[in-house]
Amino acid sequence: MPFTEVTTITTDHLFKQLIHNLLRLQDTYRHCSDLDMVQWQYGPGMKNSAVSVYFKSIINNKKINYMKRSMQDLTEHIIGPGTEVTPEMLIKFFDSHGASAESATLESAWSLIDQRILAGYVVIFLDGWDKAICYEANGLETRQVMEPETEPVVQGPREGTVENMQKNIGMIRMRVRSTAVKFEAFQAGGYSNTAVSYGYLEGVVDTAVLEEFKSRIRTVNPGEILDTSYIEELIEDSPYSPFPQFRYTERTDVAAAALLNGKIILLVEGSCSVLICPGLFFELLQSSEDYYQRVLVSNFIRWLRFIALLIAISLPSLYIAISTFHTELIPTVLLLAIIDSREGIPFGAFFEAVIMVFFFELLKEAGIRLPKPVGSAVSIVGALVIGEASINAGIASPIMVVVVALTGIASFAMPQYNLSIALRLLQFPLMALAALLGGFGILLGYLFIWLHLVTLTSLNVPYLTPIAPWNSRQFRDTLIRKKLPALIRRPKPPPST
Amino acid sequence: MRSTLTPNQAAVLFFIFLTGSSIINIPAPLILFSHNGAWISLIATGMFGLLLLIPIVSLARRYPGMTFIQYTSKLMGKPAAIFLGVIFLSYQIQMAAGIVMDIAMFLKSSMMRSTDYSIFIIFSFLAIAITIRVGVGKFVGMFGLLMLSVMVFIVFNVLLSSANFNWHFLLPVVDDGVKPILHGIYFISGFPYGEIVLFSMILPFVKPQSSDRTGRKMALALLLNTASLLMVTLATLLTFGPIAGERKYSMFEVARTIEITEIFQRIEALMGYSLIVASFMKASIVLFTSHITLNHLLGLPHENRQLIFPLALLCAIISISVGIRGEANWNFIVSGINPLWGLAAFVIPIVLVYFVSLLRKKKT
């Protein structure tokens, strides 16, 4: 049986006989109903066989016959009319001229041909030739370029990335038109064999960081990569830290700005998230809009975010500490108001806070998971109806509802979603410490968080740069944003002679 | 890898070491001893501190990468180094225990009266030990920002309290003669200025640079510290006048007097934060140096971190046992024994080693 004859040959090289190649294909792509193998004839008396192989689910129908047609056109002009072409002439022609048509290549290894077929190429096998002509015919519809929902801005470009990596790279290239922009690519291996690409600005990126990144990215292969976040977890310094060590964006302008700042950006085929590495703590509090607004306005917004960060992490714990241990610190009128509102509440401040924060987190999660129209109903029922009812029922005090709501709003003010999750996570241990040791407990909690931040690194770059360690150049854009002329990197003037 | 410091970081650490805890603790006892002449004592002792910086910096420069124990051993032999080292270590352990004791006493007396001392002491030492394990190059970065927040709060406090200042309280300056001023000088030449000798254990961590400006930067840090202490001492005097010396944790008490409209009142929490954080940082520096001293005495390398937790435990036990004896006993230790012990364990040995090094230099 020819089938067994083929499988015993372990070579990666194509066979000369078309039948052997077809058997190999049938074996490899068994049970793949969306694979088409279209046999066609050419040459004098239509006696010579050829087969086009492609996944009809991936390719553009208009391109299926493209190579067949252009082959006939080419041969007509150079080696005679299509009906008279013999396989020998055709093979000689391609061997000497190569495949000159659009994105076409000649391949002779099965491993490469399989990759091509899976990537949406049409592969043409000719009888009597141990090579195949492959040309790109991917016609999968992708999403239109839109403003990313997670990173809206009031002012500035509204171009977002899509699920097509090459398109994303193209959009970034259009923003930084320099030969120094490099994009290196590799296949992630595994079953998914996803295409991954990382870009950097040569001459601006820190070479030590780039080397570290490259050494880590090598560990990704083989890996089943379905989204950029998979790679984040595989290459980050401390996977168990609550703090994100890389940044994400879906905006091409942010990705381009990151390149200009000497960052490495990583894109994955099929994902619209661009990973920016290394990601430092203070960068997580910056937004692209900081540079599109006037200096004063953007500084005001940036400080608003710093305050929001403090509120998001510590307001419930501060409330617990002050109302349980340090009531003398509250101005008298406010103290009376709090006591008045807490009268009749069956729980202590700690339990009340934990219950409220827990249910708030639950509502938030439910709101995200549910379809949009229902999601808003949940937030109305959750926030307004349950909140109001629990106050009336005497389960929660109004001031606690205010505290929890303010904490939630503050956490929404973080430009990076993964930072706001980290803050939501950290408020629980802080609340426990506040309940145990009051203000002293909160201080201890802060110290531990601070210590953790000091020891954290992202691609070996200290996480709290430019504050610890101090870097005055980078500090110009940290707690305050200086005006743009002070921030823009300019080439140093040549030393005076 | 060995953790290193830049000259700037060393100066920041020096400022934190001098200012942390003393900025809140110094005014009351100083005013108690020197009355209205407290500021004169402070300036005079600041000058003494500058003088003391000379042997520390020049010894570090002469023996780069070597700590006090190491160059003492080289100059005076190993037995002398061990003898001086043990006294040196004893005072450091006492300092660390004392600073944390202060945190505990403050918390118990002002904010959490029904909690036991030992709870604060154990948790503080736990935090300190974990901090030191991180390494000096890293915790100094964390301390910089913390100290900045402390200084901002203190300046804010002084500015707000200026509404209650009574300028007549500054006079008469030397009503009781020069003796009270001398008493004040004696007291603060132990704490905090005598303690700067501890930096003979930290300076070897500073990265050697072609133009060494560490000494100048440290002198600047010391001057800034004297200015800060002067500011808080004067603010305490101006607020409380004759009874200023009776007010323990002066800045905390000053904060209590602030009441400017409905908004600025009850800001003593900020001072509580400042006291705890500043003391925590100072205690960390002291435990760090005592750990290095112990490593060197036992012939272990700088990087060894195994003794941090045992040392912290020892300090915690000392703190708790002192705490049991009550606040009056503690006050006696601070104002009676402490300056003498500091002089004997810190100031005299370094001056001695410095003179020996000068003599050796002349001979060669």
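Glycine too: its Cβ is placed from the backbone N, Cα and C atoms.
Annotation comment: TrEMBL describes B:12-32 (among others) as transmembrane segment.
For B:38-60 (among others), the entry in TrEMBL reads transmembrane segment.
Feature annotation from TrEMBL assigns transmembrane segment to B:81-105 (among others).
TrEMBL lists B:117-136 (among others) with the feature transmembrane segment.
Residues 9, 12-13, 15-16, 19-20, 23, 228, 231-232, 235, 238-239, 251, 254-255, 257-258, 260, 264, 267, 270-271, 273-274, 277-278, 281, 284 of the same chain lie 6 or more positions beyond the ends of the transmembrane segment (B:143-165) yet place their CB under 8 Å from a CB of it. As annotated by TrEMBL, transmembrane segment applies to B:143-165 (among others).
Summarising the annotation, TrEMBL assigns transmembrane segment to B:185-206 (among others).
What TrEMBL records for B:218-244 (among others) is transmembrane segment.
Taken from TrEMBL, the feature transmembrane segment covers B:270-294 (among others).
Per TrEMBL, the feature transmembrane segment maps to B:306-324 (among others). Nonlocal intrachain contacts for the transmembrane segment (B:306-324), taken as residues 6+ away from its ends with a CB within less than 8 angstroms of a stretch CB, comprise 93-94, 96-98, 100-101, 104-105, 117-118, 121-122, 125-126, 128-129, 132-133, 287, 290-291, 294-295, 298, 300, 330, 333.
Within its own chain, the transmembrane segment (B:340-359) is flanked in space by residues 52, 55-56, 58-59, 62, 68, 71-72, 75-76, 84, 87-88, 90-91, 94, 189-191, 194-195, 197-198, 200, which lie at least six positions past its ends and keep a Cβ under 8 Å from the stretch. Among the features that TrEMBL reports, transmembrane segment is placed at B:340-359 (among others).
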Highest-contact recorded stretch vs the transmembrane segment (B:218-244), from B:81-105, B:117-136, B:185-206, B:270-294, CB pairs under 8 Å:
B:185-206
Do the transmembrane segment (B:270-294) and the transmembrane segment (B:117-136) come close, with at least three CB pairs under 8 A (pairs 6 or more apart in sequence)?
yes
Taking a Cβ cut-off under 8 Å, which residues six or more beyond the ends of the transmembrane segment (B:81-105) line up next to it in the same chain?
21, 25, 68-70, 72-73, 117-118, 120-121, 124-125, 128, 195, 198, 275-276, 279-280, 282-283, 286-287, 289-290, 293-294, 296-297, 311, 314-316, 318-319, 322-323, 327, 330, 333-334, 338, 341-342, 344-346, 349, 353
